[in-house]
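Taken from Swiss-Prot as is:
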type    : residues                                    : note
BINDING : 171-178, 196-200, 217-220, 291-294, 323-325 : GTP binding site
BINDING : Ser178, Thr198                              : Mg(2+) binding site
DOMAIN  : 7-164                                       : domain 'Obg'
DOMAIN  : 165-342                                     : domain 'OBG-type G'
DOMAIN  : 357-434                                     : domain 'OCT'
Amino acid sequence: MSGITLPEFVDCVTVEFSAGRGGNGCASVRREKYKPLAGPDGGSGGHGGSIFLKADTSERTLISFRRKGHYSASNGAHGLSRLRNGARGKDLEVSVPCGTSVYDEGGRQIADLVSPGSCLQVVRGGTGGLGNAALAGYRRKTPRFALLGLPGQKRKLRLEVKSIADVALVGFPSVGKSSIISAISSAKPKIADYPFTTLHPNLGVVQSGPYRYTVADVPGLVEGASKGIGLGLNFLRHIERCSVVVHVIDCANTQQDPISGFNLIEKELSEYKVAENAIPLNKRPKVIVLNKIDVLQTKEEQDTLLYLQSVFKKLVTDVYAISAVTRSGLRQFTLRLGEICQEYPSQVQPTSQTILIPAKNTPEFSLDRTDGVYRVTGKKPEKWILQTDFSSDEAISYLAERLDRLGIEDALVRAGATCGDEVEIGGVIFTWDPSVANTSFSLSV
């Protein structure tokens, strides 16, 4: 194997995504012959580009995210005079393997991209600022200001790939799982006679009689796998979507008790936490396979095999003695797996084509007082602060009108605010002056 580099399998990464910023609006006045001030003609800024994750059958691993941990979409262009709106920022589409689960920083699952082509909008581009032509109205016929573009969303997300398979082969290292999947499908996993030869799941498609299903060869489990020992959590993750669990037991191994080994694996499966509505791993249909019967030569070894079959049949209905090398017993085994897969529903939930993260249903604003300063929080007022060009008195006046219409002035009165009190919104501090007509705030930077 010297000189050969095996592709790295990466199934869990944390990635930052930054959407594009919206372009600024333009404040300009149309000039015509004999009409030096013919009205506002500033265009609006373009929206920033958004970022989407798309499930792609050609992707098998998240290795590209390991090499690049931050993705950014392009910004929207600024508006121009003569009613020219800025171009929208280009959206960015990032491919991920089918079966990728997406989690926020708090560990909450946002989406499960299972179906090929399904998309998730992970961050939304910032809104472009309105030009003064769009702001013109009855009260302001020729506004001499425009709104600034908003920054795009930024998020840090955890991506996890969970294999999409109907059947999972589980067991201790070196029990022959890779040999079995190689014998019953066209998969070509690495096979060797030492532990942990398989370091990532191998998938194979099985066609047995009228049945067609997928099988995953899960890397060897050890005691404590459900707690992360021996990369156990990474391996158990790939069993979550399977309908059937196949316990592979090396019946020729005299160093380990097969029955206690089976119980230990069952314990690890029972302790692994699956999704809220999913069936626990140890409660799913299970099949026991006694592998490597081709090496059993003596009568004592044959008697041990019969004893194991009788014991396991008291625990599980389906028990098969097979040899991946001679292919003995594989036909009956694969047909039965097909029947079980058809009988039991898949744990994979199909996803819609495009998923948008819903906005949180929160009050328009809230008001509290800390250290003598009234603090206003809320999506709308904080967004308006970001849109305001504070070098323009007219823009500040427009902001004050919007805040007043939202009910912030009335809320300040009810809270006992008096003239001269400081009010903070989105990190900007104002001095409140309710006596000023149509503009309740004067800026105090």
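Even glycines carry a Cβ here, placed using N, Cα and C.
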Which of Ser174, Ser323, the listed binding-site residues, has fewest other Cβ atoms within 10 Å: Ser174
For Ser178 (Mg(2+) binding site): DSSP state (helix, strand, coil): helix
Nonlocal neighbours by CB distance (under 8 Å) for Lys292 (GTP binding site), same chain, sequence gap 6 or more: Gly176, Asp250, Cys251, Ala252, Ser323, Ala324, Val325
Structural state census, the domain 'OCT' (357-434) (DSSP three-state): 30 helix, 19 strand, 29 coil
Assigned conformation of Ser323 (GTP binding site) - DSSP reduced to three states: coil
Gly171 (GTP binding site) in three-state DSSP notation: coil
For Pro219 (GTP binding site), the number of other Cβ atoms found within 10 Å of its own Cβ: 24
